[in-house]
Amino acid sequence: MGMDSVVNSSGDVAPYGGKSAFSQTEHNIVAGYLITAGVISLASNIIVLLMFVKFRELRTATNFIIINLAFTDIGVAGIGYPMSAASDIHGNWKFGYTGCQ
């Protein structure tokens, strides 16, 4: 184990002394991307769902897969992206083991 490594709570060696290998600027760039992608994803998937609400003829058995994907993507964009963006802004994961699961 080198001078730049520490042991984390799981017993694994944490490289870079438990600090991020990336600069805060790099973290901010990733956070900006995640926020932008999340907003676009939320908006576009809400539009998809509204189309299914407005046009009954779109509600076919096959298109229910698209509806399911839209709901799932809204979950990722509404929960996953913000958690990752917030952690990037802070430079490390802020939601502990439970938040990671």
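Here the Cβ of each residue, glycine as well, is placed from N, Cα and C on the backbone.
TrEMBL: automatically predicted annotations, no manual curation.
Per TrEMBL, the features are:
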type: DOMAIN; residues: 44-101; note: domain 'G-protein coupled receptors family 1 profile'
type: TRANSMEM; residues: 30-52; note: transmembrane segment
type: TRANSMEM; residues: 64-83; note: transmembrane segment
With DSSP, how much of the domain 'G-protein coupled receptors family 1 profile' (44-101) is helix, how much strand and how much coil, in residues?
47 helix, 0 strand, 11 coil
Same chain only, please: residues at least 6 beyond the ends of the transmembrane segment (64-83) with a C-beta under 8 Å from a C-beta of the stretch. Say none if there are none.
34-35, 37-38, 41-42, 45-46, 48-49, 52, 94-95, 99
